[in-house]
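Here's what Swiss-Prot has on this protein:
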- 21-41: transmembrane segment (TRANSMEM)
- 61-81: transmembrane segment (TRANSMEM)
- 107-127: transmembrane segment (TRANSMEM)
- 145-165: transmembrane segment (TRANSMEM)
- 176-196: transmembrane segment (TRANSMEM)
- 219-239: transmembrane segment (TRANSMEM)
- 255-275: transmembrane segment (TRANSMEM)
- 293-313: transmembrane segment (TRANSMEM)
- 345-365: transmembrane segment (TRANSMEM)
- 371-391: transmembrane segment (TRANSMEM)
- 402-422: transmembrane segment (TRANSMEM)
- 427-447: transmembrane segment (TRANSMEM)
Amino acid sequence: MSDETHHSPDGKMSIRKLSYLAVGSVGVVYGDIGTSPLYAFREALKPVAADGLTRGEVISLVSLMFWALTIIVTMKYVLFLLRADNDGEGGTLSLLALLMKTANGHTAVLMLLGLLGAALFLGDAMITPALSVLSAVEGLKLVTPTLSDYIVPISVAILALLFAIQSHGTGAVARFFGPITAIWFIVMGLAGIMHIADDYGILAALNPWYAVNFLMNEGFLGVVVLGAVFLTVTGAEALYADLGHFGRRPIQWAWFVLVFPSLTLNYLGQGALVLREPLAMSDPFFLMYPHWALLPVVILATMATIIASQAVITGAFSLTRQAIHLGFLPRMEILITSETNTGQIFLPSVNAILFFGVIFLVLSFKTSDALATAYGISVTGAMVVTSIMAFEFVRVRWNWTLPMAIAVLTPLLLLEFVFLGANLLKIHDGGYVPVLIATAFTVIMWTWRRGSAILMEKTRHTDIPLSSFVSSIERKSDHSPAHVPGTAIFLTSDPESAPAALLHNLKHNHVLHDKNVILTIRTTNKPRVPQEDRYSVEKVSDRFSRVELRFGFMESQNVSQALATLRKTGLKFDIMSTSFYLGRRKLVPDAKSGMPHWQDRLYIALANAATDPSDYFRLPANRVVELGSHVII
């Protein structure tokens, strides 16, 4: 999908375009939730079946799954959250960027919540590919038991290939993701319809009383079961995160016309199968199909899980770029893999981290049964964070009264906290994995944000105001620097101060260019910046100008390209007579930095690992001059 496609007003969308986007959203938005039937019902049956399985328990479990889909996915995400957008974009960091502008006194709390939500999503991006691919490949055991020993090697090979092709981009095959996943949903729905006839009594699961009665009577077992039932709605966060790719209406249409009916029918079919044949609880999904259809279904399931994994990986790339632009992570290499769509990106460092994390999980847990216990915490945590931030959103942006916000969102929050509590019971069985991953990412992002703020404050105390510097340097004297032809552009984060690179250039080279541009790059709290708002130019003196370039947090920051548009303002920009001056700082830890020593060390390590700004901002390598300095943090 191109960026242009994403932002058509929903109200003016033709039926043809709506259908096209709806099918596309099935592969990207619903890929993850579409793989849940592979393991969700099976995992929910296990704790209940320990002392024998009754008819009422099977119906109650399916009822819990149906109403989880109805309340959390349909009501919260499809009908409510898809309207809480930031200029068409959704997701935790997009919501955070919007709220930070209007936060009143609790910025730090909001920021920490947003970072936690982003970190939980990155943890989910490791677990989802491992679990979904394993669960699909395990279907081979039913085709022929001799393949049991090859499940892990085959899964590792598929995942290795998936991560290997990321650098080449997936645009060429992405057009097939939606149709393939749509076929997957249709096949699941048809299988469900066929097996509902096994026992029409399963239709009683649509009555919420079965779900409520089960939780009221089963006590602690009911809480344990909720942890498995929650697997039904994993992937719901993708609805919100991918809002900007397809728009609200196509995502809603896809849910109500195809995805929700197919999931409901499949879970009802699995339930009816187990009612008729209790031994089918060992793998109710694959046992719905006749033996001759098993291999094609396993192949289709594997394709569906690969597509779901691809969607999560792409989401991780997009989220990381947002985090970099919003100042939560250091610069990383961002490669655009499409000549026509700047939204198709590849981050080598993120790809490597995800790859090693996913392979480690597959080799450590070995089965989808074991890995399913680790799943859920990251997703429930992210959902709770989103709901809390949505509470702030409706108060600030929609002007809801406090009682109204409490009345609408408190029931959802309470339900999600119950699910979170149920998943936390699995900490010792592998649930610690997403907790550790999320903690690590949160600490990294918080450290970078805090360290950057401290560094900015320290350098500001020693900086020379730009106006004072220009006044003194342009006074005629015997010590005036020599003037050289051309333009010098000095990148700085503080446009009010003379850049360190400018001062070092004068100190060591004793020259000043005919034209000097103090350039600041700003990331706004909007996903994209209109071309007319891209830049502002302020003339400081005959030789000095102050320029600010603005980018949205979803945009690639191609500075050379943006500067070319400045010719309209009369600021001549000839790449062959322009030099870019960058300051490179060597950071030295200080006992009085305001952060613990280990955090100082972490911040310095992150700064040293950051991508060179000349590469990140797409500056011509042969026109860049770097001047270094030591800074104590």
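Yeah, the Cβs are placed from backbone N, Cα and C, and that goes for glycine too.
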Contact set, same chain, for the transmembrane segment (145-165): CB under 8 Å, 6 or more residues outside the stretch: 129-130, 133-134, 137-138, 302, 306, 309-310, 313, 351, 354-355, 358-359, 362-363, 366-367
Distant-in-sequence neighbours of the transmembrane segment (427-447), which means Cβ under 8 A and at least six residues beyond its ends: 112, 115-116, 118-120, 122-124, 126-127, 323, 328-329, 357, 361, 365, 370-371, 373-378, 381, 595, 599, 602-603, 606
What same-chain residues lie close to the transmembrane segment (107-127): Cβ under 8 Å, and 6 or more beyond its ends? 92-93, 95-96, 99-100, 234, 237, 241, 312-313, 315-316, 319-320, 323, 328, 354, 357-358, 361, 371, 374-375, 378-379, 381-382, 385-386, 388-389, 392, 433-434, 437-442, 445-446, 449
How about long-range neighbours of the transmembrane segment (255-275): same chain, 6 or more residues beyond its ends, C-beta under 8 Å? 22, 26, 30, 33-34, 36-37, 40-41, 45, 53, 55, 58-59, 61-62, 65-66, 69, 73-74, 78, 182, 185-186, 188-189, 191-203, 205, 232, 239, 281, 284-285, 287-288
If you count Cβ pairs under 8 Å, which stretch among 21-41, 61-81, 345-365, 371-391 touches the transmembrane segment (176-196) the most? 21-41
If we skip the immediate neighbours and take only residues 6+ beyond the ends of the transmembrane segment (219-239), which ones have a Cβ under 8 Å from one of its Cβ atoms? 28-36, 39-40, 43-44, 46-48, 61, 64-65, 68-69, 72-73, 76-78, 81-82, 90, 121, 124, 128, 251, 255, 263, 267, 308, 311-312, 315, 372, 375-376, 379-380, 382-383, 386, 418-419, 421-423, 425-426
